[in-house]
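**Q** Dumping the structure here so I can ask a few things about it.
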Amino acid sequence: MKSFEVNFDGLVGPTHNYGGLSYGNVASQSNSQQASNPREAARQGLAKMKALMEMGFVQGVLAPQERPDVAALRRLGFGGSDAQVIERAAREAMPLLVASCSASSMWVANAATVSPSADTADGRVHFTAANLNCKYHRSIEHPTTSRVLGAMFANTQHFAHHAALPAVAQFGDEGAANHTRFCRAYGEPGVEFFVFGRSAFDARYPAPHKYPARQTLEASQAVARLHGLSADGVVYAQQNPAVIDQGVFHNDVIAVGNGEVLFYHEDAFLDTEAVLAELQAKLAGCGGKFKAICVPRAQVTVEDAVRSYLFNSQLLSREDGSMLLIVPEECRNNERVWAYLSALTGQGGPVTEVKVFDLKQSMQNGGGPACLRLRVALNDTELAAVNPGVIMTAPLYDTLTQWVDRHYRDSLSERDLADPQLLLECRTALDELTQILKLGSVYPFQLQP
Ligand code: SUG
């Protein structure tokens, strides 16, 4: 049976803006209040999806969410008609309106943690929606995320869905951004690598001093239990708290893995040697040969990594066994990072090619190529059970591009968020999108009685 890694990319929503909402995420903080260009953002994301599809990878698309989230504002006490809710929030609590408008669901690496069927006790692909409990604007994503994933992976014979973990800081869960799977082949049992920032209940794990550690050990353990993973197939590692304090708010800002390869920065983890030894031993137990590519701090500093998003890259396996690294344009603009990458492909290692993409609109909010995709390893029976409406094709790319051009604005700043017309535009666009992607009714405005 053939197996693949399918990348489902988040389609950027029509309210993409720079709200400065993510303390600890350097790009989000430093681009706060700039005008955004939602149309360009969506087109940049679609161009990456199209390019990967044309290279022969199976590519999917994950729908954005309804924003402004009027229902979330109502839960906070704003009442009246939808327009009145928005007007009053704009007048009395602009930060809450900004949070309810964020298009942050585009970073679908945070949508859920996914375990392929080869790893789980019941032989199904398991999904746990992430509670994203650290930031209010992200914590409101998971109910719709669950409905969208449910509409994409509806077949209960092959797919199992778990609700987000309890919405408290002790179970802070950021999904696949802190989860990597190693394997010899996608369809064979592998090792699931959970990286956490702190422990909620065990004081022996040091926490960062400045910025929040979003993922807890206890959340990662709960996800592994829910998915029915075996102890032999799981490794937990603590992220180095010092790098969280330098802006590494998710592990995918400092490490990426695929197949048998881990590409990571020297300062990424605490107790690196023990972590690598455990990965090597457990992958060997699955018949795999672990290969670690360490980027030394003498060549690329943590600051370079955070600015360029070198590790927020997509490491993709090609048919011939070689690997391709998809990086953002910012890597080419950083002299040290580009020198490192230029040397990497000529070293006879697994990475033989680097491809650069312009994702500036998303990057300015701290979202690179890897943030924009959710990886789902599937065999061909499972792939056939996925809702075909969400698999990228040349006609779907054309339809989505035209849809973006018809509905998206090319400039959005804070004052535009208070315009009740924006809500109507978004709902019209999303209603059409659910038909294009054949998702049925998934948005709160579609579910109202
Ligand atoms: O959660 N930025 C996102 C970026 C998520 C990146 N994802 C991964 N690394 N996988 C976040 O911090 C900024 C929104 C704003 O400021 O408007 C934001 O939510």
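Start at 1 and count along the chain as shown; that gives each residue its number.
Cβ from N, Cα, C; glycine included.
A TrEMBL annotation is a machine prediction, not a hand-curated record.
Keep in mind it's a predicted model, so treat the numbers as computed, not measured.
OK, TrEMBL features for this one:
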| type | residues | note |
| --- | --- | --- |
| BINDING | 19-28, Asn110, 137-138, Arg214, Asp252, Asn365 | substrate binding site |
| REGION | 23-43 | region 'Disordered' |
| COMPBIAS | 27-37 | compositional bias 'Low complexity' |
| ACT_SITE | Glu174 | active site |
| ACT_SITE | His250 | active site |
| ACT_SITE | Cys371 | active site, nucleophile |
**Q** These are the recorded positions: Leu21, Cys371. Which one scores highest on other Cβ atoms within 10 Å?
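**A** Per the Cβ count within 10 Å, the most buried is Cys371.
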**Q** Look at each of the recorded positions, Arg138, His250, and point out the one with the fewest other Cβ atoms around it within 10 Å.
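**A** Relative to the other recorded positions in Arg138, His250, Arg138 has the fewest Cβ atoms within 10 Å.
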**Q** Can you tell me which of Tyr23, Ala27, Glu174, our recorded positions, come within under 6 Å of ligand 1 at the Cβ?
**A** none
**Q** Please count the residues of the compositional bias 'Low complexity' (27-37) that DSSP assigns to helix (H, G, I), strand (E, B) and coil.
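**A** DSSP composition of the compositional bias 'Low complexity' (27-37): 4 helix, 1 strand, 6 coil.
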**Q** So what sits near Ala27 (substrate binding site) in its own chain, CB-to-CB under 8 Å and at least six residues off in sequence?
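**A** Those within reach of Ala27 (substrate binding site), by Cβ under 8 Å and sequence separation of 6 or more, are Met363, Gln364, Asn365, Gly366.
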**Q** Let's check the environment of Asp252 (substrate binding site): how many other CB atoms sit within 10 Å of its CB?
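**A** That number is 27.
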**Q** Should any of the recorded positions Leu21, Tyr23, Asn110, His250, Asp252, Cys371 have a Cα within 10 Å of the Cα of Glu174 (active site), which are they?
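**A** Near Glu174 (active site), where near means Cα within 10 Å, the recorded positions are Asn110, His250.
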**Q** Cβ distance under 8 Å to Asn110 (substrate binding site), same chain, sequence separation 6 or more: which residues?
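**A** The answer is Ala130, Leu132, Arg138, Glu141, Glu174, Gly175, Ala176, Ala177, His250, Cys371.
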**Q** In sequence order, which residues at least six apart in the same chain have a CB under 8 Å from the CB of Asn25 (substrate binding site)?
**A** Gly247, Phe249, Asn365, Gly366
**Q** DSSP three-state call for Arg138 (substrate binding site): helix, strand or coil?
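**A** Arg138 (substrate binding site) sits in a helix per DSSP.
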**Q** Check Asn110 (substrate binding site) against DSSP and tell me helix, strand or coil, would you?
**A** helix
